[in-house]
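Everything on this sheet refers to the single structure shown next.
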């Protein structure tokens, strides 16, 4: 925690994750695409000055702009490059020695009204060692020459970015005879001289020439793969070019997954208002707590010294008021949101890139499965998908998804396809659970709708305000919210068909099936009509909720990916409840769900189906093609799992309390991971304890789970206050909520206007 400038870390320190992925110390490096590089460097002039090693870096850099470039320039001469589409000029100037010629060229940019390059990359030394046979006189002359050049570089650094590239080590065993005098000892002496002279100037504190020393660390790991012992392998110089691009472009492009060299974003107007609100809540709660404590002390029980009997106070201690409960919740929430902000918006804690290995994903999976099996208990009821079982299902799925995210396993397609099934299973439960409630209870009241919407959306709305993110950024909550409203609308519109009504007349079952067919038709139409879908969600105020980066394409993609699974959940609930009503299934403790023969056949089919899907998902070669098939086939593995889990009586009668505990806070875990477990909006990993990866994960995970659990409690407490059962009081609260969102929209408009 040396604080401050992540650019220094990027230029000077880091380590390899695996063989080719470079991880700068404390920050994340963005992998720039050609289009991004062009946008960053538009109308810029970049100059590379030096020897053949700098020429290598030059070629790697321009390939980030145009990958088609071939290394066909003159070896010992100047090489120009220009991208006319973006008006980018990149020149390599052949100056293999730090001498008078190099000084004269640099000096020409400091005189008069000559156009100065925006970026200057300089470095040389090996030629001086080679030509002068590694003599001490050559080193002394090098020091004199660099001393004369340093003030000129500092003058240029006032308006340009100037980088001095230190010399990489060589692989002495592979050097040719005419390069044997280039030793690592000599290179270290030249580097030491350059660093000492460049850092000794008094002017350098104001306009600093940046020392590019990280290439030394990269070369130490990779120079053995060099073709001649002197020049770096292509992957290493590409890494150096990407570091250079990050140093210059991150502050301009502000990529989410490029935290190196990015300044802390300024507080928005809405964030400032939220900060004031939480501060006032904390102060208010402390004042009320002090008043209550003072009253309690005055009225507490005292002991009669003569009789030794306890006298009861004249006034009993009052119960906690609604206002105090409200302030207590906001006080806790304010402290938690401060932690969120410090983790993922302030430059207080470090962030690192993800790096996938099979062991980083599968070992934790095995570990939590063993823990889950260890905490096995009997269920209170033995119905199919009873409460304990669904909590357990949500719990282990959520833990697997968390491990998937932190390990970066999305790069491994078979794992990605199985995780897509887990997300679909959550939505399946949404369809199953809400359909079952409305079908059996027939409760279509406003209270029920408001309770569900509040519990789903409260945390996300707060995070949108505190973390300055759009609602659609937390895509899963909009997804389950919209599907809940679709389920509600399907069952609540005339004619309202519920179980009680259908029991009196079987024709109502056909009426409900017609409703479900209409729903399926609408889903099918919207999934193949992107234009119609986008028109619906482009109307205000829906557009404010579902737009991301100025359009609703991301929302359409997320919705389309699991478009049928909620319908499948509703249909399964309808069939299951119909079978249950007609006593066609046996749900007694220890009893198989059907007769022994039917149970065995269904169990066999389920296991085969489950494994068949896994084999298909594991053999996927193209993510786009597999995503196209996923909506139609994901239900196969979901239904197979339900049958395997519920057909045997013993399996249905037990559950894992370990997984069920996590299942109760699964929504909070899913949302909180964005900022306080992962980092940079899920693109990286939060580092609270640098240098100790395993210990860091343990500490950050413990805090993350505790915070998610506490937010779940806060949400439940606030739901009772904000969404009361009394209709007249509820109407007033809804008007207050409408006023809150109107104010939020007003301040958001002001914020957008000030940004533009």
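From the backbone N, Cα and C atoms, a Cβ is placed for every residue, glycine too.
Those TrEMBL annotations? Automatic predictions, nothing curated.
The domain 'NXPE C-terminal' annotation in TrEMBL covers 22-72.
Per TrEMBL, the feature domain 'Cas1p 10 TM acyl transferase' maps to 253-734.
Tertiary neighbourhood of the transmembrane segment (269-291): same-chain residues 323-324, 327-328, 330-331, 333-335, 337-338, 465-466, 468, 744, 747-748, 750-751, 754, selected by CB-CB distance under 8 Å and a gap of 6+ residues from either end. Feature annotation from TrEMBL assigns transmembrane segment to 269-291 (among others).
Annotation source TrEMBL lists transmembrane segment at 325-343 (among others).
Taken from TrEMBL, the feature transmembrane segment covers 355-375 (among others).
What TrEMBL lists as transmembrane segment is 396-417 (among others). Residues 354-358, 360-361, 364-365, 368-369, 372, 423, 425-426, 617-621, 623, 626, 630, 656, 659, 662-663, 666, 669-670, 673, 677-678, 682, 685, 697 of the same chain lie 6 or more positions beyond the ends of the transmembrane segment (396-417) yet place their CB under 8 Å from a CB of it.
Annotation comment: TrEMBL describes 452-468 (among others) as transmembrane segment.
According to TrEMBL, the transmembrane segment annotation covers 474-494 (among others).
Marked as transmembrane segment by TrEMBL: 506-526 (among others).
Residues 384-385, 420, 423-425, 427-433, 435-436, 439-440, 479, 483, 486-487, 490, 499, 509, 512-513, 516, 519-520, 523, 526-527, 585, 627, 630-632, 634-635, 638-639, 642 of the same chain, all 6+ positions outside the transmembrane segment (561-579), place their C-beta atoms under 8 angstroms from a C-beta of that stretch. According to TrEMBL, the feature transmembrane segment maps to 561-579 (among others).
The transmembrane segment feature in TrEMBL is assigned to 600-617 (among others).
Annotation comment: TrEMBL describes 659-679 (among others) as transmembrane segment. Away from its own ends, the transmembrane segment (659-679) comes close to residues 28, 259, 339-340, 343-344, 349, 351-352, 372, 375, 388, 390-399, 401-402, 405-406, 426, 456, 459-460, 463, 467, 474, 476-477, 685-687, 700-701, 703-705, 707-709, 711-712, 715 of its chain (Cβ-Cβ under 8 Å, at least six residues beyond either end).
Here TrEMBL flags 685-709 (among others) as transmembrane segment.
With a threshold of 8 Å between CB atoms, the same-chain residues lying at least 6 positions outside the transmembrane segment (730-750) that come near it are 269-270, 273, 446-447, 450, 465, 541, 544, 722-724. Positions annotated as transmembrane segment by TrEMBL: 730-750 (among others).
With DSSP classes pooled into helix, strand and coil, the tally for the domain 'NXPE C-terminal' (22-72) is 22 helix, 9 strand, 20 coil. When pLDDT values are averaged over the domain 'NXPE C-terminal' (22-72), the model yields 94. Outside the transmembrane segment (474-494) by six or more residues, the chain places 423, 426-427, 430-431, 434-435, 438-439, 444, 449, 452-453, 456-457, 460, 463-464, 515-516, 518-519, 545-546, 554-555, 558-559, 562, 566, 570, 667, 670-671, 674 with a CB less than 8 A from a CB of the stretch. For the transmembrane segment (506-526), the residues of the chain that approach it from at least six positions outside its boundaries are 486, 490-491, 495, 497, 532-533, 536, 563-564, 567, 570-571, 574, 578, judged by C-beta separation under 8 angstroms. Tertiary neighbourhood of the transmembrane segment (685-709): same-chain residues 25-26, 336, 339, 343-344, 349-354, 406, 665, 668-669, 672-673, 676-679, selected by CB-CB distance under 8 Å and a gap of 6+ residues from either end.
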